[in-house]
Amino acid sequence: MSGDYYETLGVDRNASKEDIKRAYRRLARKYHPDINKEAGAEDRFKEINRAYEVLSEPETRARYDQFGEAGVSGAGAAGFDYGDMGGFADIFETIFSGFGGGVGTGSTRRRTGPTRGDDLRLDLKLDFREAIFGGEKEIRIPHLETCQVCNGSGAKPGTGSRTCSTCNGAGQVRRATRTPFGSFAQVSTCPDCNGAGQVIEQKCDACGGAGRKQETKKLKITIPAGVDNGTRLRVGKEGDAGTRGGTPGDLYVYLFVEPDKEFTREGMNIHSEITISYLQAILGCKLQINTVDGPQELVIPAGTQPNTELMLEDHGVPKLGNSAIRGDHLINVKIAIPTRINNEERELLEKLAHIKGQSHGKGGLEGFLGSLFHK
């Protein structure tokens, strides 16, 4: 599936809800499995439905715009309800309603209007705790900004522009080609004015007539709690500036989390290990252990077995988008068996072995302690 739901529907990120609905209906009728029997049409139909499911609802669309797929991964993508499209008959009505008139009646003699700026990508590294708790980060981004000298016109202050003589201000040129099948007209962007319809008399010295300049900007962005490797954040209108009055593009920040020496992460749960003595395992105890929230008390039950996993509830990773919900901290318990003991310890252990009816002559101390752990 396409990595971007907007691309799946073929719409701009600023598209209205009606634009999204129209694009969805157009593509859905094209790839509907009862209409399109080509291989892959059904899979394409499911992709289109999933994209519409996310983008048609303001809440899920907002989460997707900010976090990408991670923000909507919980939304149900299984199955498809044909009723979402207003009924199968409605699809056919839409299909055949477009064949009543001519094709290509719109005018092609129009200059290129405002153009949206390009989107930009920035990769940002976070340490383990920054990803869990979020916070503010300062970043520097090189991008194109509107030239402040000419206000984006590209013309030297005090001068202007004239109508392009090549396209007569249309921004496009038409070329007729004759073939054995008739004449065909090919329309392309004017090479002299690049579709603007106007030619600058004297270019701005600051930007060289481009209307934009490369600048490096400092930004403070908010990292939400619970982000993970690959989480994508959208910072609106911080991409490249548009041209001819177009809106700026967006900045997409992709997050990469540095590993931690003590903790690992699995979804919303945090994992760590502790090592205790065989006596602590047999008798039980209370210990202070490190968590992402600081030191916490952990109860080791008497008779704890090697590789037992103990849990501290609500000390894991906050849920992305709802930090009131947290995962757990899971602690794997390792038990240290001593390789050397003093005479007093040996005497006590031999007494214990006698009480338990265990022979300590075979298998050594470790074998004896192992039998204790698995009684």
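Heads up, the Cβ atoms here are built off N, Cα and C, so glycines get one too.
Record features, source Swiss-Prot:
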DOMAIN    4-68  domain 'J'
ZN_FING   134-216  zinc finger
REPEAT    147-154  repeat 'CXXCXGXG motif'
BINDING   CYS147, CYS150, CYS204, CYS207  Zn(2+) 1 binding site
REPEAT    164-171  repeat 'CXXCXGXG motif'
BINDING   CYS164, CYS167, CYS190, CYS193  Zn(2+) 2 binding site
REPEAT    190-197  repeat 'CXXCXGXG motif'
REPEAT    204-211  repeat 'CXXCXGXG motif'
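Distribution of Swiss-Prot features across the structure.
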residue : record                : DSSP class
CYS147  : Zn(2+) 1 binding site : coil
CYS164  : Zn(2+) 2 binding site : coil
CYS190  : Zn(2+) 2 binding site : coil
CYS204  : Zn(2+) 1 binding site : coil
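Of the recorded ranges 147-154, 164-171, 190-197, the repeat 'CXXCXGXG motif' (204-211) has the largest number of C-beta contacts under 8 angstroms with 147-154.
Within 8 Å of the Cβ centroid of the Zn(2+) 1 site, not counting the listed residues CYS147, CYS150, CYS204, CYS207, the chain contributes GLN148, VAL149, ASN151, GLY152, SER153, GLY154, ALA155, LYS203, ASP205, ALA206, GLY208, GLY209, ALA210, GLY211, ARG212, LYS213. Under DSSP, residues within the domain 'J' (4-68) fall into helix, strand and coil as 46 helix, 0 strand, 19 coil.
On a Cα basis, CYS204 (Zn(2+) 1 binding site) lies 21 Å away from CYS190 (Zn(2+) 2 binding site). Taking the Cα atom of each, CYS167 (Zn(2+) 2 binding site) and CYS204 (Zn(2+) 1 binding site) are about 23 angstrom apart. A simple Cβ count within 10 Å picks out one of the binding-site residues CYS164, CYS167, CYS193, CYS204 as the most packed, and that one is CYS193. In this view, CYS207 (Zn(2+) 1 binding site) is surrounded by 21 other Cβ atoms within 10 Å of its Cβ, with every protein chain counted.
Calculated from their C-alpha atoms, the gap between CYS204 (Zn(2+) 1 binding site) and CYS164 (Zn(2+) 2 binding site) amounts to 18 Å.
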